[in-house]
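Participant: Sharing the features that Swiss-Prot gives for it:
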type: ACT_SITE; residues: CYS106; note: active site, nucleophile
type: ACT_SITE; residues: CYS203; note: active site, cysteine persulfide intermediate
type: BINDING; residues: GLY15, MET16, SER17, GLY18, GLY19, VAL20, ASP21, SER22, MET41, GLY130; note: ATP binding site
type: DISULFID; residues: CYS106-CYS203; note: disulfide bond
type: SITE; residues: HIS131; note: site 'Interaction with tRNA'
type: SITE; residues: GLN344; note: site 'Interaction with tRNA'
Amino acid sequence: MKETRDPSQIRVVVGMSGGVDSSVAAYLLKQQGYEVIGIFMKNWDDTDENGVCTATEDYDDVIKVCNQIGIPYYAVNFEKQYWDKVFTYFLEEYKAGRTPNPDVMCNKEIKFKAFLEHAMSLGADYLATGHYARIDRSGDGEVKMLRGVDNNKDQTYFLNQLSQEQLAHVMFPIGDIEKKEVRKIAEEAGLATAKKKDSTGICFIGERNFKEFLSQFLPAQPGNMETMDGVVMGKHDGLMYYTLGQRHGLGIGGDGEPWFVLGKDLERNVLLVGQGFDNEHLYSTSLSAVKMNYTSTKKLPGKFSCTAKFRYRQTDTPVEVELLADGRTHITFAEPVRAITPGQAVVLYDGEECIGGGTIDEVFKSNEKLTYVG
């Protein structure tokens, strides 16, 4: 439904991270006349690898920006929910030899569930965040989620698990602005975060040495690196540290093309490797997905065509989607795709609209399951 009330009658809670995107989101809403409250979420209790408590620094920046804008602010703590719903899943997936996407789960369970419920308990009409995505309320009562205008920053890939009910209460104030314009707005407004660099770490955990961090929670089990023919090429540090298509960190010398991770043999604790970026073993023609979510409540046909992304910032691939009787979804690619990775998200699009997504579970080539992939 299109919003008809005057902005001054609408209360919006903004999830503020201490970064420039959420700062500008709050600033724009305030400029547009909404009643705005800034809330900082603390979901992880730790210091980064330099001994700095990044959450404290980030909250200090939130306070500065909220004072500059002239809005109330406070912090909420969802550490237990984050551990139970996101981090436990993250570790379980790595244990199973897969490569999880914690940002997708964090958006589903924390930002747009626990935090959205908290915002609603404060009498908020909407929760706003600094995501690069757009909301379209102009249709037939259903809300659509569209790609962000800045194609390089579009974050609908990470928002694929949001439901119609969640989207009805969400605003993305910077979704129709390019990143460089967001920086410009922040600088012109004199916001404290205008020149702060973007974070690139794990959702809420921050930037740190990934191997060191993961080894605190999961014991590493070194083993052999082998070719598909069983030739031992060296040792790996633990299967959880590697992902499909990875080149760096293998330490295999010699002549010829670079070496890449082709798969994992979990039973033997072997990392499968091969030469060449376009190694045939890296390519597949279809996948099966689980935990599919569709943003619309309308019934889907049993088969339909659309486009898909299998990783963030990837160009769309035309696909055929088939809903199977057992609840799984089979997705066939128009042409073979490289390094489809179990545990990662597959996200579906109809033009500009993100129509949903799920988790890659099994990978196939010419209808034959690739057992070495996951």
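Cβ atoms here come from the backbone N, Cα and C positions, even for glycine.
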Participant: Would you mind ranking the binding-site residues GLY15, GLY19 by how many other Cβ atoms sit within 10 Å of each Cβ and giving me the lowest?
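Facilitator: Result for the binding-site residues GLY15, GLY19: minimum number of other Cβ atoms within 10 Å at GLY19.
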Participant: What same-chain residues, at least 6 away in sequence, bring their CB to under 8 Å of the CB of GLN344 (site 'Interaction with tRNA')?
Facilitator: THR99, PRO100, ASN101, PHE310, ARG311, THR359, ILE360
Participant: Around HIS131 (site 'Interaction with tRNA'), how many other C-beta atoms are within 10 angstroms of its C-beta?
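Facilitator: Excluding its own Cβ, the number within 10 Å is 27.
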Participant: Would you mind pulling the longest C-alpha to C-alpha span across GLY15, MET16, SER17, GLY18, GLY19, VAL20, ASP21, SER22, MET41, GLY130, which the record has binding ATP, in angstrom?
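Facilitator: Max span of the ATP binding residues, Cα based, is 16 Å.
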Participant: Using DSSP reduced to three states, classify SER17 (ATP binding site) as helix, strand or coil.
Facilitator: coil
Participant: Count the Cβ atoms, other than its own, that fall within 10 Å of the Cβ of ASP21 (ATP binding site), considering every protein chain shown.
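Facilitator: Cβ-Cβ neighbours of ASP21 (ATP binding site) within 10 Å number 25.
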Participant: Between SER17 (ATP binding site) and HIS131 (site 'Interaction with tRNA'), how many Å separate their Cα atoms?
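Facilitator: Counting only the Cα atoms, the answer is 11 Å.
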Participant: Any idea what DSSP makes of MET41 (ATP binding site), helix, strand or coil?
Facilitator: strand
Participant: Inside 10 Å of the Cβ of SER17 (ATP binding site), count up the other Cβ atoms and send me the figure.
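Facilitator: Its Cβ shell of radius 10 Å holds 22 other Cβ atoms.
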